Amino acid sequence: MDHAQANAVYTASADFIAQAHVDAAGYERMYAASVADPEAFWGEQGKRLDWIKPYTKVKNTNFRPGEVSIKWFEDGTLNIAWNCIDRHLATRAKQTAIIWEPDDPNVPAQHISYQELHDNVCRMANVLVSQGVRKGDRVVMYLPMIPEAAYAMLACARIGAIHSVVFAGFSPDALANRINDCQAKVVITADTAPRGGRRTPLKSNTDAALLHCSDRVRCLVVKHTGDQIHWMDGRDVDVKELMRHASPDCPIEEVNAEDPLFILYTSGSTGKPKGVVHTSGGYLTYAAMTHQMTFDYHDGDVFWCTADVGWVTGHSYIVYGPLANGATTLMFEGVPTYPDAGRFWAVCEKHKVNQFYTAPTAIRSLMGLGPEWVDKYDLSSLKLLGSVGEPINPEAWSWYNTHVGKGRCPIVDTFWQTETGGHMITPLPGAIPVKPGAASKPFFGVKPVILDPTDGHELHETATEGVLCIADSWPGQMRTLWGDHERFEEAYFSQYKGYYFTGDGCRRDADGYYWVTGRVDDVINVSGHRMGTAEVESALVAHAQVAEAAVVGYPHDIKGQGIYAYVTLMNGVQPTEELRKDLVKWVRTEIGPIASPDVIQWAPGLPKTRSGKIMRRILRKIAENDFGSLGDTTTLADPSVVDDLIANRKNRG
Ligand code: 6R9
């Protein structure tokens, strides 16, 4: 795509606009109302949910340093599972709630009706209660993309327990850290997880993790594949067996709007992963509203979000948002390239998907395999396409638009974060014309501001560039970090006082469109997955032969960013190819395959300031193969290390 196309503006068809929930004038009017009087706006939107005790207070939020506190609908009570299931039964008992598409296309798909969802969630909830789980207890899940994952999340919600889903690609160590950090009573896993025809040994990973956890933690096992597993009597529990005997009814627990619904661990710029806490009333209001508006979801549509439930995208747009809206949501166990590169499109055709939501990295990898894989299938059911996780580059946008959307489906490029609970900046299809690569305009109630990174002052001109902050709270916002409110304030509210800091850089063009340019902190985005460089570094230095390590991101054609590690070995250790492979394997076992370094460069020394701070700016430039403009290097303790790093750089592309 040439530059002119990249600046093009795409407007939805007249037919699309005619049926959309919101048109251009409607967006302007509603947006203005939402920021002028958030109390009135969200007071009205909160009525999307059924409340046990209706709220009388809507918004009570404070971004002032030292006093950060975020409360929405604080005197209301409700139950999240009721809102996602029971309240639909009168009209939708037989409607499909979840379509489950297995990894192996020869295994039949499942259509789970709202009634069946109700019964299974209640059975799972009764199993949890039988294992001693009570309101406020934490339940960790380490599961494949199977219906039981949704049952377990909603079962927790039903009884007021707090779930924390750990992505099944994480290692036993990463799982153990999360179980310990939130002091989970129970971990729910499966025997093995089929993905792309291979099996991930979830139960044996969990066995390894539990060696580092309290021996009171119960292990609930979903026997999914029937693969052989080790069994520890007294600790391990066969979930399906207990569900068979459990009652399909389970009373709902009344929870406060501000009681936690889930904890989700995500990477930050420093230290160990952060336990992002989302609460009940505001989160569900926001997930439901964004799902309906951003995807222009209408009753009867089949919605498919390809994310894993281990990420926030799976929480908000596979489970909570769609089910709160009484939607049909598709859950896919597999990968885009199994059994071949046409799988996504085969599934769209098979289940007549109407809205399809995926990540740029998936599009880029499929793009490389040729359009013939898409062209084979009938994609006429598609009405809208979505993108999430990183900025979408013009080539991928154009391919998605032409080959998947056939030029007739609006593409929504949704910018948001684990911390934000739902979409923050996104086109509303039918209301906001799209520019490829721009997340475009704020969602209702969201007040983005662009600040000057040097002194934090607000840049008021329409066309400007700086760091992206949000000036006021919205209902889907995270409330705290699990057990560490101080770190919450420090990470998000201390750098730019009075604002929520996203960690992203951003440009606003003359039309007021927002273009998110990527992280400005030490977080990198690998295939749409967030990774803290500090996490990878601490894994590397935990290896006996590594003295020091510095990790940066570099541009990668498919993944968006790749992981580039500079490693200084202990004195006398030889830098061999074998050791390099060993280090990659080491990081995979310490964190998980998503953290595997793509490049390891042996570094006799790292560029440091006299005070001992590693100058990452220089390491980034070398990794990007852009060392002509290293900037000021006069503060380096030993400038000669830079010459060595340049001479031996690995990425000459
Ligand atoms: C939902 C999710 C958040 C980070 C975020 C930003 C990047 C996400 C984006 C995007 C540009 C988009 N990001 N969506 N950048 N355009 N449409 O991805 O959450 O895993 O917490 O990542 O991802 O850098 O700060 P999470």
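Cβ atoms are placed via backbone N, Cα and C, with glycine included.
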Per TrEMBL, member of Arg487, Arg519 binding ATP alongside Gly389, Glu390, Pro391, Asp413, Thr414, Phe415, Trp416, Gln417, Thr418, Asp504, Arg530: Arg519
Neighbourhood of ligand 1 - binding-site residues from Thr313, Gly389, Thr414, Thr418, Ser527 with Cβ under 6 Å: Thr313, Gly389, Thr414, Thr418
Val546 (Mg(2+) binding site) - helix vs strand vs coil (DSSP): strand
Nearest of the recorded positions (Gly196, Arg198, Lys613) to Trp416 (ATP binding site) - Cα to Cα: Gly196
Candidates Thr414, Val541, His543, Lys613 (recorded positions) - the one closest to Arg198 (CoA binding site) by CA: His543
Least surrounded among the binding-site residues, given as Val541, Val546, when other CB atoms within 10 Å are counted: Val541
Rounded Cα separation (Å) that holds between Val546 (Mg(2+) binding site) and Arg588 (CoA binding site): 16
His543 (Mg(2+) binding site) and Pro391 (ATP binding site), distance between Cα atoms, whole Å: 34
Integer Cα-Cα distance in angstrom, Lys613 (N6-acetyllysine) to Val541 (Mg(2+) binding site): 16
Number of helical, extended and coil residues in the domain 'AMP-binding enzyme C-terminal' (535-613), per DSSP: 24 helix, 27 strand, 28 coil
